[in-house]
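Student: Structure provided below as structure tokens; questions to follow.
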């Protein structure tokens, strides 16, 4: 066995490091960006227009319209805690999601590179980064989906609540739609996550490569490290995550809107918040996209895009920076 192989952490230990770092990163990111996520979900499940300019030709009176007005309404009616509504299932979703995602991502990259060391992963083709990200996203989605659905249901309601807690939402979904109801919208979610996760991880790796090239060319050689990942500052990692989160969200947002509609269709909704999405309103993802486009226009496919983009940028940045730092800490203390 070569010295290089001996220096690499064991496969099980490496998996624990990736899963643990991913879980920590996901939890931190979720806590920081929850307010924007709640606003985004309120917009996405609202059938009425959400933008002030879109109300001119509409006879409907929406509950929410405009980012700042919605923020004030939620704070006035629900208090500060309203911005973290659905946060328990969100954390129960995001911790296993990011744990699985980063563990699978590292496994796929290790298989492709023939090594578990990060510096060898940096040499992989950008296309492999996109493919690895897509596979990791699919695995993580399937493993944590019921919590994602419960998060959407709880975050989409204001006051008065239809579902007082996660348990009541869970029982109502099972009674209304059966166990399979916990996976409502899984198909469009998987179709969404393939380009989304692929773009997120692929662009992140691409931006990291560009940053490393920049450092090599414009910084003194004495400050560079033998490990490419160490040659980037936390701020550079933050910028890479910021850019990757923004790009992936802008491209995939319409699919996220359809996913949210599937998740809440047929469920109770207080009349105060407008019309509900009826059960079996959409035959499939493409029918959902078509119906939203016909009844709500292009704006309907991009409901919540402003808070979503504002959220995606720091969420991506915080997730990747937290993962890199947590991974380094776990590796230093567990290996």
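Just so it is clear, glycine is given a Cβ too, placed from its N, Cα and C backbone atoms.
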Student: Kindly point out the range from 52-69, 70-87, 88-105 that Swiss-Prot annotates with transmembrane segment.
Tutor: 88-105
Student: Check each of the ranges 182-199, 200-217 against Swiss-Prot and return the one annotated as transmembrane segment.
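Tutor: Among 182-199, 200-217, the range Swiss-Prot annotates as transmembrane segment is 182-199.
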Student: For which of the residue intervals 231-247, 248-264 does Swiss-Prot record transmembrane segment?
Tutor: 231-247
Student: Quickly jot the same-chain residues contacting the transmembrane segment (182-199) by Cβ under 8 Å, restricted to those at least six beyond its ends, or write none.
Tutor: 101, 130-131, 133-134, 136-138, 140-142, 145-146, 148-149, 170, 173-174, 244, 247-249, 251-252, 255-256, 258-263, 265, 284-285, 288
